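Engineer: Take this structure first; my questions come after.
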Amino acid sequence: MDILNALVAFANFVFVPGLAYGAQIALGALGATLIYGILRFSNFAHGDTMALGTTFAILVTWGFQALGITFGFLPTALLALPFAIIMTAAFVLGTDRVVYRFYRRQKAAPTILVIVSLGVMFIMNGLNRFIIGVGEINFADGARFVITAGDFRAMTGLTEGLAIKATQAITVVTAVIVVGLLFWFLQKTRTGKSMRAFSDNEDLALLSGINPDRVVQVTWIIAAGLATIAGVLYGLDKSFKAFTYFQLLLPIFAAAVVGGLGNPLGAIAGGFIVAFSEVMVTYAWKKVLTYLVPESMAPDGLVQLMSTDYKFAVSFTILIIVLLFLPTGIFKGKSA
Amino acid sequence: MSTRINANPNSRSRTLLLFGLVAALFIGTGFVQSWNSSLGILNMALISAIMAMGVNLQWGYAGLFNVGIMGFVALGGLAVVLTSSTPLPDAWRAGGPGIVAGLALGAATIGVAVALYKRLPKGRLRTVVMLAVLVGGFFAYRAVFDPAVAAVEANNPAAHGNIGGLGLPVLLAWPMGGLLAAAAAWAIGKTALGLRSDYLAIATLGIAEIIIAVMKNEDWLARGVKNLIGLPRPVPYEVDLQKDADFLARAADWGVDPVTTSSIVVKLSYAGLFAAVLVAIVVLSELALKSPWGRMMRAIRDNEVSAEAMGKDVTRRHLQIFILGSAIVGIAGAMMTTLDGQLTPGTYNPLRFTFLVWVMVIVGGSGNNLGAVLGGFLIWWLWVMVEPIGLLLMDGITAGMADGSWLKAHLQDAAAHMRLLTMGIVLLLVLRFSPRGLIPEK
Amino acid sequence: MAEPFLIGENMTGGYGAVDILHGCTLAVEKGEIAVIVGPNGAGKSTAMKAVFGMLKLRGGAVRLAGEDITTLTPQARVAKGMAFVPQTQNIFTTMTVEENLEMGAFLRRDDIKGTMAQVYDLFPILKTKRYQAAGELSGGQRQQVAVGRALMTQPKVLMLDEPTAGVSPIVMDELFDRIIEVARTGISILMVEQNARQALEIAHKGYVLVQGSNRFTDTGQALMADPEVRRSFLGG
């Protein structure tokens, strides 16, 4: 029995990666859930919004790098983030003005809006390929590690090392700041409260003189910001590839639905539930178990419940279980 | 409605005109490019039209929002491999029974868990028992399944490593594709059809990804990403034709190049087969639509609540149409794999196999079979031709730029990505200005 | 006689092709209570919505303090000093009581603390529950939140669509008391009521609508005394 080493191995391969991935999914799900709460449709273009935002961030990053501007030990992309958010927000507001507003005024059914979002998804996807291509792009610079496995071993004298990548730390810190700001905005500001009011009861919000166009615009801006941040953090942590971002739609929707569509707090919880389940189900537990059981019982196989290629199956299974047994999500969402 | 009985002459001429336009596109391609490529596009267009019919059945007739089309297309392709690829007795002996037993065990576990959920009273006991059954069943399944898979995959991995097929004629694989897709649709429909429409969309999106993941990773099934090539064809091979004395004599008679002609003959044979399937499906769908069953379907679609109040079993009807539509997509998927002669799970992409089919249905006109067919032809043609047209356009734009300039190279590369952009714009334009499609529902 | 403060005159219209209102007239004086009663389907709520601009009129006009507001949107009417409490879904259930009141005052840019204090004086229970989600309150308390939200704009006219629907008789009496208090501060009140007898007791003016037109119009007292009204609409 070697609980300490087992814990470190667990932290290194499950907890830390799960935390970072969970934060990324949560930020993505927050954007999707806000759109659902205010505009009342599932935005299938959200994954591609994340990709487009990241593309903008990469372009600005390259620009900064060409000018010799860096951000010290932090990735230059963080410096580029505000610019990328502005560009993405402008783009998304443009799509609202040109595309969605028409259907909103018609009071179109949610399914029609979903199909419309498919069209927007195609355009964003194409545009993104047009701008930056389909290849894999690594744009992380700055320090690589907060702590390396070797340092950790030297420090603690344990056999197992705990490596924390700089991008993982940045993800978690950024996510905490962003979520804090978002909740402050929703709970304390007049505009934020009007968004919650609109999401809660649209007719009454109109009777109270809340301007729907303004609420919708602010929502798009926030969603674009969240999508860009989520996309950049994911890209820094792993790498950027437009198609992967499209596929993130599934865990993001799973997270939003698990937490209760339209409920921001739920989206965050959902993000971590989905991320940790995915990591835990696809992790080979052999290493951790070897430390925990007597040598004679050490497992032969990898003790992996499912191959990593089936990570979508995890999001999906959680989604189906929640939809069948708790249709409004763990936290109450709008879905009656 | 009376308009359905005396079909509006205006709408009929519009339909004719639109189909004439599409025909002109294909004929034009034949003249401008080559008949070979025109027929190549036509063959995939026929398959696309069938896929669009499947989606139209679900969305246009019943309002089911299925964005898992890709999964059913892939299952159709899998059916071709399992039905008509060469049998591998060694592989089967090594692990066949084990795999079947493992899968049966897995299915039984789920079956028992569902039965327990339905029988046992609600409470902690039920949760514990169900969990125990599921976890125990999972490990039992892995214990039986894993060694069998390893044994099969060890069988000549360079060339096979899969379980092999039944060696049956490939035309038989098409209905098999439909059956396989139908079986999957039954399982999916049983769990997910009660969900609200956008949840169904998210669920089906996920299922399609899972089906592709299984086909990519379960090498024993169809060699995964190593692909399975050399599937049998229902039509002669070009090389065989070129050796055939009769064929050569005829080509000489007509004064045409035997190589090109052999390829055209093969494509025409495919086109004939595909067109026969398409016509059969269109006729059957039209008959179904005009039957009491079809009228009930549309009544349900237009007002689920009142249909339910009138005693219609909405969920059951939805399940029926979900299975039927998916089966049609599965047939099309099998046809596509037959046409390709190989199964390449790595190339299935939801944009191409799910959302593009949706564009076909919406653009063509949901709720109208001819509309779906038209959408299939038109959008597929556009999908293929946008690239050369885009390249032509970019050549024009960049003509003034210096050779080797960064922007010029980038723009010319980017022409390849015009497709998605164009599809998005076409979809949005149709939704905005002709929301019921080019040939609206009657 | 001078024109009433708010008047919907000769209103004709409906939601679709069929008219529900046929030349219906409703009016209320400053600081008075006008009550609309009538059988189910008489168009009471529709008439109210017409006054508030939630329904397009094909004929007639709505005037507030002499100004023609027939073509204004409901939102614009809020800005003109009208407030409306719908019959159902009239609060933000996921928001606290205080946030509900703040949202009521959304259009105001001045200090709302005074008005909020007045609302809390009127409905003391709300003050004790100010940080609780409005959806967690009892039916009567929710109606208080709904009325409070509407009062936050400092309206000149308060329109209530069946404020006592689904609340107990005791709560109903209390709500009516509060409504009288509100009227005393100079706010005109126009309301639709199912509980015709109790409502007419506090009404300065009563309207009995039948099939979208005025059947009887008089003071609340006179209507209560009218044997025909009593027989047909007040259950004897």
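Backbone N, Cα and C define each Cβ position, glycine as well.
Residues or ranges marked as transmembrane segment in TrEMBL: B:40-57, B:64-82, B:94-116, B:128-145, B:165-187, B:199-215, B:268-289, B:319-339, B:351-370, B:377-394, B:414-433.
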Engineer: Are there 3 or more C-beta pairs under 8 Å linking the transmembrane segment (B:64-82) with the transmembrane segment (B:165-187), counting only pairs at least 6 apart in sequence?
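Structural biologist: Judged by the Cβ rule, the two regions touch, with the required three close pairs present.
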Engineer: Determine which residues of the chain contact the transmembrane segment (B:128-145) at the Cβ level, with the cut-off under 8 Å and only residues 6 or more beyond its ends counted.
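Structural biologist: Beyond its ends, the transmembrane segment (B:128-145) has Cβ neighbours at 98-99, 101-103, 105-106, 108-110, 112-113, 116-117, 120.
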Engineer: Given a Cβ distance threshold of under 8 angstroms, which distant residues of the chain, six or more beyond its ends, lie next to the transmembrane segment (B:319-339)?
Structural biologist: 43-44, 47-48, 50-51, 53-58, 61-62, 64, 66, 69, 72-77, 79-81, 170, 173-182, 184-186, 188-190, 193, 231, 233-234, 270, 273-274, 277, 281, 297, 357
Engineer: State the non-local partners of the transmembrane segment (B:351-370) in its own chain: residues 6+ outside its ends, Cβ under 8 Å from one of its Cβ atoms.
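Structural biologist: 15, 19, 48-49, 51-53, 55-56, 59-61, 67-70, 73-74, 205, 208, 282, 285-286, 289, 298, 329, 376, 378-380, 383, 420, 423, 426-427, 430-431, 436-442.
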Engineer: Test the contact criterion for the transmembrane segment (B:40-57) and the transmembrane segment (B:377-394): 3 or more CB pairs under 8 Å, pairs 6 or more apart in sequence, then answer yes or no.
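Structural biologist: Between the transmembrane segment (B:40-57) and the transmembrane segment (B:377-394), contact is present.
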Engineer: Ranking B:199-215, B:268-289, B:377-394 by the number of C-beta pairs under 8 Å to the transmembrane segment (B:414-433), which range is first?
Structural biologist: B:377-394
